[in-house]
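**Student:** Sharing a structure below in structure tokens format, with a few things to ask.
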Amino acid sequence: MKNPLKTIRETKPLVHHITNWVTIYDCANITRAFGALPVMAHAPEECADMTGISSALVLNIGTLTSEIIDSMLLSAAAANKKKIPVVLDAVGVGATRFRDEMAAKILGSVRVDIIKGNYSEIAKLAGENAETKGVESTSISADPQKVAKEFAKSSSSVVVMTGKEDVISDGNRTFVVKNGHELMGSIVGTGCMAASIIGSFASVNPDYCDAAKDALCYFGAAGELAAKNSAGPGSFKVNLYDEVFNLSDEKVQAMMKVEEL
């Protein structure tokens, strides 16, 4: 898509989140800074109805409960019926059995269009050996690009692996995004924010691989710009919101660092 940010800001898509309690505020604000409209409806009594009026659904399993899983399944079924994109952020997969089982339940019960996680989380979902510490990636034994491509094929979903370099694949096309700054890893929530941004971009671009690639390029570019005037994590977070708010398609497209394999 030529001008995704302009499209988001003109159409103001509603992006429904069922996300974790640690970063919910950050996800809402970054979605709004990009120009989309965030809504966070977790109750099983209303979540499917909220999805029914939304343009994308973002699921984040960072703070799981059994009731939250029920809401996620209800909303994902509604999203599938409406044919809007479903993004699953597989936070902490590999850390506990419950988390692994619930991620597998979601993937086995509903259509997930975009599966996002760090290197360890995606490797675990793909059946590869991986080490994780809580929700942080430590190491994987396989090549990330190969893991993303093969898992995309087997899951029939777009797979997004985030890290120092982000890998995005739909099984046919594979992109490596090199935008970003190390300060993005110094604050809690940038991974969750990335899922919100991916949902926002996917809400206006039916090519979900392209949408995910663009989302990470734009977010990474904002991180690079924010870092220029930041003394540390505190000022960086404030500057990040400002840089996102002031982004333009022309500015980011001149900064894109993306390789198609």
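Heads up, the Cβ atoms here are built off N, Cα and C, so glycines get one too.
The following feature annotations were taken from Swiss-Prot:
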| type | residues | note |
| --- | --- | --- |
| BINDING | MET40, GLY189 | substrate binding site |
| BINDING | LYS116, THR162 | ATP binding site |
**Student:** What count of other C-beta atoms do you get within 10 angstroms of the C-beta of THR162 (ATP binding site), across all chains shown?
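**Tutor:** By my count, 28.
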**Student:** What are the sequence-distant neighbours of MET40 (substrate binding site), meaning same chain, six or more residues apart, C-beta distance under 8 angstroms?
**Tutor:** HIS16, HIS17, ILE18, THR19, ILE24, CYS27, ALA28
**Student:** Return only the integer: C-alpha distance in Å from LYS116 (ATP binding site) to GLY189 (substrate binding site).
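**Tutor:** Taking the Cα atoms only, LYS116 (ATP binding site) lies 14 Å from GLY189 (substrate binding site).
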**Student:** Do any residues at least six apart in sequence from GLY189 (substrate binding site), in the same chain, have a Cβ closer than 8 Å to its Cβ, and if so which, in order?
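**Tutor:** When sequence neighbours closer than 6 are ignored, GLY189 (substrate binding site) has VAL22, THR23, ASP26, CYS27 within Cβ distance under 8 Å.
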**Student:** Once the DSSP letters are reduced so that anything not helix or strand counts as coil, what is LYS116 (ATP binding site)?
**Tutor:** strand
